[in-house]
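*Asks:* One structure follows; several queries about it will come next.
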């Protein structure tokens, strides 16, 4: 599946920010009203740790919606690796607006940069191999597209976006349809042209999936030896995706079996936010 780009996300970004501001600002920022509305200020945002940045567009949109007079000047790009205490961006505008938008802007940036940083770490572990690391649907509710974009900033790739853009036929689907061949045939009938992926648990099921014409076969917790056999058996007839039992210790060995993809839920579901700080100057 193709990776998301910012061009795909403009409406999503606006909606994400509207939701964030509605839950944080509500009917108005009480504390900001203590400040003279004519008071101008500047601010600098830094990172306190090593990170890979993602989320600039969400920060820009926060301040656009809070007060379009706020000027945001970036010192880094999405996908850029940064060092502790490095300045990420500067703000200039009404002090009230800077303080009202601060938390929402940093929430987006720290979360999405956390996703990008974890993705970059995993991508570094398989550097030099041909494998592509994929995200999953294990995302934060309401922020799937944002997190999937952040994954690409860290050098990994997008799997299907949701249940609507590709088939992923798993054990229960196969049982309900009466077999792998029937499930694939029905998928082709329902949505010709949509990618069809089938999850298998052994080499016999792999053979069935290949004979039925699957586009992608997910190898669920196969041993390294079985993965190597699967690569030889498939011989390019379908793409192979490894899934299950994957961690930092096993990732490189799995990549070196020759599979095309490795899907990793932890890229988006176990995110640790990057530590950021904003300092205001009046």
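Glycine too: its Cβ is placed from the backbone N, Cα and C atoms.
Annotation source Swiss-Prot lists substrate binding site at 103, 136, 137, 138, 160, 170, 199, 220, 243, 244, 245, 264, 265, 266.
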*Asks:* What is the number of other Cβ atoms found within 10 Å of the Cβ of residue 243 (substrate binding site)?
*Replies:* 21
*Asks:* For the binding-site residues 103, 137, 160, which one has its C-beta crowded by the most other C-beta atoms within 10 angstroms?
*Replies:* 160
*Asks:* Sort out the sequence-distant neighbours of residue 245 (substrate binding site) for me: same chain, 6+ apart, CB within less than 8 Å of its CB, listed by position.
*Replies:* 221
*Asks:* Roughly how wide, in whole Å, is the group 103, 136, 137, 138, 160, 170, 199, 220, 243, 244, 245, 264, 265, 266 that binds substrate, by largest Cα to Cα distance?
*Replies:* 42
*Asks:* List, in sequence order, the same-chain residues at least six positions removed whose CB sits under 8 Å from that of residue 199 (substrate binding site)?
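*Replies:* 168, 169, 170, 171, 217, 218, 220, 243 - these are the non-local Cβ neighbours of residue 199 (substrate binding site), listed in sequence order.
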